[in-house]
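What follows is a short report on a single structure.
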Amino acid sequence: MQENRPVIALDFPEFSDVKDFLEKFDPSEQLYIKLGMELFYTAGPQVVYYVKSLGHSVFLDLKLHDIPNTVESSMHVLARLGVDMVNVHAAGGVEMMVAAKRGLEAGTPVGRQRPKLIAVTQLTSTSEEIMQNDQKIMTSLEESVINYAQKTAQAGLDGVVCSAHEVEKIKAATSKEFICLTPGIRPEGASKGDQKRVMTPKEARTIGSDYIVVGRPITQAKDPVASYHAIKAEWNR
């Protein structure tokens, strides 16, 4: 099922930046917010509690990648924060991903729904050349992504983070219900930044993405609220 709200990546260094940004929006508007490593390492759980207290959904983007026991215990803790989605690196392997899900299930308070758990396949900043030269994965980028997606599905996770360019083949290799969350989304004419594989909101919708993540085109816009609504309208067109 496609989420009708673009996920806003709040890649800010300070908690105060989050407050300043969210205060621009009408209090009645429920957003879907992505909180990443830098912000969580700086502000800790309080930033999650704050965003949730405003009625927004939270994707906590920490990309866990460690031994299974460590990931399981970490997910047990993260589940208590009330987040709506978390992630791991698929490169950690099936055993690690199974442990992550087990930790989430055990840590989710009674009466609450377990946070969605997705895995990163290849980062959108990774080109095939980088993958082959640095990671020594000597397949095509597409083959690597599909393999990771299949391993993620095998582990029982809800979906993957992937480029919109791979969505159709991932769903064909897993299932239509398998979530594809796609970063690297840029409105027509926007700068690509450090993203190698990008797509517009309209293109991502057409190709079957379930969630899109948009950061700088919203957070660095002259009018973030107007930019958000324009991207949301394009995504839902």
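The backbone N, Cα and C atoms fix where each Cβ goes, glycine too.
As given in Swiss-Prot:
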ACT_SITE  K63  active site, proton donor
BINDING   D11, K34, 61-70, T124, R186, Q195, 215-216  substrate binding site
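The CA atom of T124 (substrate binding site) is located 14 Å away from the CA atom of K63 (active site, proton donor).
Listed in sequence order, G36, M37, F40, L78, V86, N87 are the same-chain residues at least 6 apart in sequence whose CB falls under 8 Å from the CB of L62 (substrate binding site). Here the C-alpha separation of G215 (substrate binding site) and the residue listed as 'active site, proton donor' works out to 17 Å. Fewest Cβ neighbours within 10 Å among the binding-site residues P68, G215: that distinction goes to P68. On a Cα basis, D11 (substrate binding site) lies 14 Å away from the residue listed as 'active site, proton donor'. The Cβ of H65 (substrate binding site) has 17 neighbouring Cβ atoms from other residues within 10 Å, across all protein chains displayed.
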